[in-house]
Amino acid sequence: MLVWLAEHLAKLYTGFNVFSYLTFRAIVSLLTALVISLWMGPHMIAWLQRLQIGQVVRNEGPESHFSKRGTPTMGGVMILVAIIVSVLMWANLSNPYVWCVLLVLAGYGAVGFVDDYRKVVRKDTKGLIARWKYFWQSVIALVVAFTMYSIGKDTPATQLVVPFFKDVMPQLGLLYVALAYFVIVGTSNAVNLTDGLDGLAIMPTVFVAAGFALVAWATGNMNFAGYLHIPYIRHASELVIVCTAIVGAGLGFLWFNTYPAQVFMGDVGSLALGGALGTIAVLLRQEFLLVIMGGVFVVETLSVILQVGSFKLRGQRIFRMAPIHHHYELKGWPEPRVIVRFWIISLMLVLIGLATLKVR
């Protein structure tokens, strides 16, 4: 919005041209989302407490989690508001990629909101029925996937980028839609599974978003894209603004979500953030890079799949409890130790992922 306004004002005063600089807008996008999140935090927490919208804790979970009962949840609303407002202010709104991410963010946020509402307000422990949750996730993902395919059909925007191989970039055709669907829905649910400890999901989300901000900048720059042997995608650079907004909103939320948490993001936050990261990865043609940088989310998801599969096939569990962060809790690790070690692993994976861009 401000980009459009600055274009007109620059005719009167050239100083307004600063709003056209991507680096400037990326920084202020981060700061705007951070300030909004920090400002909303105390008000959101107080409002949720008045409405008695508190976290539901399973009886079969770790005993250390029983003290979390009643902690305000659905705090992901403030993350989404901060991101959306910041992006609307600082991004070029004529860019279709920006709207694709915002659609997933808002749509998955709505699905998560209904799920949280049923759990904590209507006291329905199951929340939104799984098949309906999956149905709406699928509808949103397919709408966005077909939109993205129609925009970039038969261009580098629909090629498959394989790490370590600079000349392997096949055109996917309609397989692009299937891959996009799988990545968006899968990442959404992976982040949701990871969100089980104070600050555990939000910091890896921040790290991955920061990594994708750098990738988006390179992908949208013809010279750097050529240097790194990745596809040059014309609309990609504006995703930098989306990524930095996620970073700012995430850091602001962490202020209140760090151990011991004053508020949880709930499904409204985790489903939306995961869906947004998946969408960004697809738009940048970096699905494999997401697997590396988002390795914490991948491992958390695999631990659940392996646990369920092992129990059904052999009647035995592999882990003491899944997702795997609970396994380490039950082994006696204090919660802060689990959280910080997962953060360290996440940061390492993001750096490794970025390094693979040059190893081709």
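Cβ atoms are placed via backbone N, Cα and C, with glycine included.
Tertiary proximity for the transmembrane segment (27-47) is limited to same-chain residues at least six positions away from its ends with a CB under 8 Å from its CB atoms, namely 72, 75, 77-79, 81-83, 85-87, 89-91, 241, 244-253, 255-256, 262-263. Annotation source Swiss-Prot lists transmembrane segment at 27-47 (among others).
Here Swiss-Prot flags 73-93 (among others) as transmembrane segment.
The feature transmembrane segment is assigned by Swiss-Prot to 94-114 (among others).
The transmembrane segment annotation in Swiss-Prot covers 132-152 (among others) and is backed by sequence analysis.
Swiss-Prot lists 168-188 (among others) with the feature transmembrane segment, giving sequence analysis as the kind of evidence. Sequence-distant contacts of the transmembrane segment (168-188), counting only residues of its own chain at least 6 positions beyond either end whose CB sits under 8 Å from a CB of the stretch, comprise 104, 108, 134, 137-138, 140-142, 144-146, 148-149, 154, 156, 158-162, 231, 270-272, 274-275, 277-279, 281-282, 287, 290, 294, 297, 301.
Summarising the annotation, Swiss-Prot assigns transmembrane segment to 199-219 (among others). Panel annotation: around the transmembrane segment (199-219), residues 22, 26, 191, 225, 228, 230-233, 236-240, 243-244, 246-247, 250-251, 253-254, 257-259, 261, 265, 270, 273-274, 277, 280-281, 284-286, 289-290, 293-294, 296-297, 325, 338-339, 342-343, 346-347, 350, 353-354, 357 of the same chain, lying at least six beyond its termini, place a Cβ under 8 Å from a Cβ of the stretch.
The transmembrane segment annotation in Swiss-Prot covers 236-256 (among others), and the record cites sequence analysis as its basis.
Among the features that Swiss-Prot reports, transmembrane segment is placed at 263-283 (among others). Remote same-chain residues near the transmembrane segment (263-283) are listed as 41, 44-45, 48, 55, 68, 71-77, 79-80, 83, 97, 100-101, 104-109, 111-113, 115-116, 120, 127, 137, 140-141, 144-145, 148, 157, 179-180, 183-192, 194-195, 201-202, 205, 208-209, 212, 216, 233, 235-236, 239, 242-243, 246, 250, 253, 256-257, 289-290, 294, 297 (criterion: CB distance under 8 Å, separation of at least six residues from the stretch ends).
The transmembrane segment annotation in Swiss-Prot covers 288-308 (among others) and rests on sequence analysis. Long-range contacts of the transmembrane segment (288-308) within its own chain (CB-CB distance under 8 A, at least 6 residues past either end) are made by residues 161-163, 183, 186-187, 189-191, 193-194, 204, 207-208, 211-212, 215, 274, 277-278, 281, 317-319, 322-325, 327, 342, 345-346, 349-350, 352-354, 356-357.
The transmembrane segment annotation in Swiss-Prot covers 338-358 (among others).
Highlighted: of the candidate stretches 132-152, 236-256, 338-358, 132-152 has the greatest count of Cβ pairs under 8 Å to the transmembrane segment (94-114).
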